Amino acid sequence: MYGIEYTTVLTFLISVILLNYVLKSLTRIMDFIIYRFLLIIVILSPFLNAQNYGINLPITGSMDTPYTNPTREEVFLTSTLCLYYPTEAATEINDNSWEDTLSQLFLTKGWPTGSIYFKAYTNIASFSVDPQLYCDYNLVLMKYDATLQLDMSELADLLLNEWLCNPMDITLYYYQQTDEANKWISMGSSCTIKVCPLNTQTLGIGCLTTDTNTFEEVATADKLVITDVVDGVNHKLNVTTNTCTIRNCKKLGPRENVAVIQVGGSDILDITADPTTAPQTERMMRVNWKKWWQVFYTIVDYVNQIVQAMSKRSRSLNSAAFYYRV
């Protein structure tokens, strides 16, 4: 009986040894095949011309220059473009079919006629009260007016950035701004904003909390106001609430599907002086003021370059959504 058990054990050990030998032999054979294959590739590679799917960059020149891959999908074939312009443009052109004409011209740049939308606004002030940006890409034309420089800058800051806003109850509470990204934004037919900074005892600094006439006036009868005060200091506010709504807002970052185009003017609007605003000159540009036909021709010519500086976004903007989450 013991002899049978020894035979079984011996047979098992011999099987294990044979299996181990076979596996090692297979491993050596595979190594030989792989190394031989790699050697052949190394020898033949100088004589082969493989397809390079990268983008060729020049050895010399500025590496800051953007090189676009021409094989990428053309975004305008599946996107919508809104063009916002002042009503005076249509008045000067005086042609009932001018929008159809421009649509046909946009078609030559690859934009289907059904993807272009023209939106008129009366003036900067009225547009700032009720901005509506619904397209995948939005181009806002603003004619330069020396008397409205601040209004234009604030509107550009509003449109080119995303804001998270909450209501303010200025009758019950004091408010303070926590950092540079924190602003108070007011909208309405007439916004007059007065502030009174408070010390740690909630006493006015240079003003009386019980007398609004002693408050500092930071805006008078404006339709759009972006108020910036000293951070970390409580303020008592006085606002014309019957004609204006004020919100406590936080700047989240750039709204990359919007570009502002200044039409004419010797001075160029720039909102990048705000330390919370990243440089965005590519989405804020100027065209020379001639005639409105000339302005629109210029936009058609450069529309694709302008869109390349933008990003398609699905989030829309209107005055109601802006107050809470943009």
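Glycine too: its Cβ is placed from the backbone N, Cα and C atoms.
Since we're looking at a predicted model, the values are computed, not measured.
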*Write down the one residue from Q149, Q177, Q262 that Swiss-Prot lists together with D228, V229, D231, D301 as binding Ca(2+) 2.*
Q177
_Partner cysteine of C244 (disulphide bond, per Swiss-Prot) from C191, C196, C207, C249_ = C191
*Swiss-Prot annotation: C135 disulfide-bonded to which of C82, C165?*
C82
*Do you know offhand how many angstrom separate C191 (disulfide bond) and N238 (N-linked glycosylation site) by C-alpha?*
10
*Sort the binding-site residues Q177, D228, D231 by C-alpha distance from C135 (disulfide bond) and give me just the closest.*
D228
*Can you tell me which recorded positions out of C82, N238, C244 are within 10 A of C196 (disulfide bond) by Cα, answering none if there aren't any?*
N238
*Hey, how far is N238 (N-linked glycosylation site) from D301 (Ca(2+) 2 binding site), Cα to Cα, in Å?*
48
*When DSSP states are folded down to helix, strand and coil, where does C249 (disulfide bond) land?*
strand
_Residue among binding-site residues D228, V229, D301 with Cα closest to the Cα of C249 (disulfide bond)_ = D228
